[in-house]
Amino acid sequence: MPSRKYADGEMVMGRWPGSVLYYEVQVASYDDTTHLYTVKYKDGTELALKESDIRSQSSFKHRKSQSSSSSPSRRSTSRSRSRSPGRPGKGRRRSSSQSREHKNDKKKTIQETSIALPPVFLFLFKPSENNTKRYNGEPESTEKNDTSCIILEHKLKPDLEVKRVLEQYSLRSRKDEKKKEEIYSEKKIFATVKTIEKASTKTKELEFGGRIGTFMMILFLPATVFYLLLMCKQDDPSLMNFPALPALESLWETRVFGIFLLWFFLQALFYMLPIGKVVEGLPLSTGKKLQYRINGFYAFIFTAAAIGILLYFQFELHYLYDHFMQFAVSAAAFSLALSIYLYVRSLKAPEEELAPGGNSGYFIYDFFTGHELNPRIGSFDLKYFCELRPGLIGWVVINLAMLLAEMKIHNLSVPSLSMILVNSFQLLYVVDALWNEEAVLTTMDITHDGFGFMLAFGDLVWVPFVYSLQAFYLVGHPTVISWPVAAAITLVNCIGYYIFRSANSQKNSFRRNPADPKLANLKFIPTATGKGLLVTGWWGFVRHPNYLGDIIMALAWSLPCGFNHILPYFYVIYFICLLVHREARDEHHCKQKYGLAWERYCQRVPYRIFPYIY
């Protein structure tokens, strides 16, 4: 096992990934598994570099002294040439003798260069505006970010010695360099986290408690769903009153599983319809952009029409309520089978198509978080389809089934006011998500997380069966509320929705087109990635205003259930825990991605989710 060469805290010169420039960096840590150094640039950016991409400062200082030692001869040559008209004979002799010296120095420089050049060569060139702008993602080599760069230029004659050096170190001609510059300019490669991912293919930092934590969550998440549903069925759903476990054979029904499969493939059919616009997602690590068809709202309309036809022919939709546990078990079984398929197919996926957060090399961890970033069957994107279609639209259908079940069980001519509020609030949330479907393409679920058990179970089981908990609870535990109370709860939901929607719209508009005249009043902090961090508007109020809106809406969804039991408020507690976890995860991700700019942003916007509290 090779030993490390550079110690923690040592100042060295590190090559910027994707470029040929070396910058002064400090060694932060070393990974014995991947043999990668984590180094920190002076602007706060942290990258993972191979040992071959790091050089000691002494080697650069040695070359710099060689360069400066040759400059006096060039200055004396310049002076001798300026005096040559007055003294023609002597001037020519002096020039010719200095020319021979210059040739000898040049040959000597070539020989020294052929010995001193490292295995991963440096292009050493004179700084200019074009050179500093060559790679859009590199840190600026100016005093503004205080990043030092060793620069030198060699102009060598095309003799055999130069040719040998060129072949030995694969140096490109200027023409090839221009082509390379054009390619970088066209693709707009930024030094983002994606650069880090390319340099380090393995996931180093494990979330969710690592292998043990993810294994426990694979067992814990289904058990939590079944526990909540069993509790709602009880007359007394208090936490101390643990429900009796049903017989195993009662949890499975082939007909129910068939209905679930029919629902899933019906939504897949709606997804493949050639309607709606086609848009491009954010660039992948390779620079490629995937295409997505935006037709989720159309799928919702078609689903509503299909449900209307079923009700017209007197299909009993409350069948969902009567077999709710069997539907949950069927969805869990399908999500597990889908997760196994996704992991098996990911083993054959190219390295660049793997998820940056799900490539640890540990089976359980990668199975849970998702090994492949964007698994597709042809143009059918499995992750994007499951993100909004079967589970989210299914959530609305389940709520409607609970509303009809309440009317039948309690012999009501119209649903209760509590049930109407829950259905209305959550319908608004789903319709908003489908109407603004394009915005999901910028979320971490699509851009960062792989598609594994976590998202498959979350999309197909957790969302439809846990998010509908309030409606399911109200069927067995009706709650009467007055109109003034209903108006107050509606106001709370409207406030939450306004914060949620306006914050997301502001962020998405800025990401798509920062130069939009509508956003001219917004201020932002520029970053080394080429993106900006908003410090005015909602994102200058707290760091995650969309999470604040989410939590306020979740509270409004639970308030119609009253305060007799804590069970309907499980969703609020869960949502707070989930968003705090996501917020911590976002903080870590953004700190690595934006470096010093993120620290400046945190100083400008100190509160994370709750103003003046957290």
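Yeah, the Cβs are placed from backbone N, Cα and C, and that goes for glycine too.
Copied from TrEMBL, the annotated features are:
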COMPBIAS  66-75  compositional bias 'Low complexity'
COMPBIAS  76-95  compositional bias 'Basic residues'
COMPBIAS  99-110  compositional bias 'Basic and acidic residues'
DOMAIN    4-62  domain 'Tudor'
REGION    53-111  region 'Disordered'
TRANSMEM  208-230  transmembrane segment
TRANSMEM  256-275  transmembrane segment
TRANSMEM  296-315  transmembrane segment
TRANSMEM  327-344  transmembrane segment
TRANSMEM  455-475  transmembrane segment
TRANSMEM  481-500  transmembrane segment
TRANSMEM  521-542  transmembrane segment
TRANSMEM  562-581  transmembrane segment
Maximum Cβ pairs under 8 Å to the transmembrane segment (296-315) - stretch from the list 256-275, 327-344, 455-475, 481-500: 256-275
Cβ pairs under 8 Å between the transmembrane segment (256-275) and the transmembrane segment (208-230), at least three: no
Top partner of the transmembrane segment (327-344) among 208-230, 521-542, 562-581 - counted as Cβ pairs under 8 Å: 208-230
Per-region confidence, the domain 'Tudor' (4-62) (mean pLDDT, whole number): 81
Within-chain partners of the transmembrane segment (481-500) [C-beta distance under 8 Å, separation at least 6 from its ends]: 417-418, 421, 425, 428-429, 432, 538, 545-546, 548-557, 559-560, 562
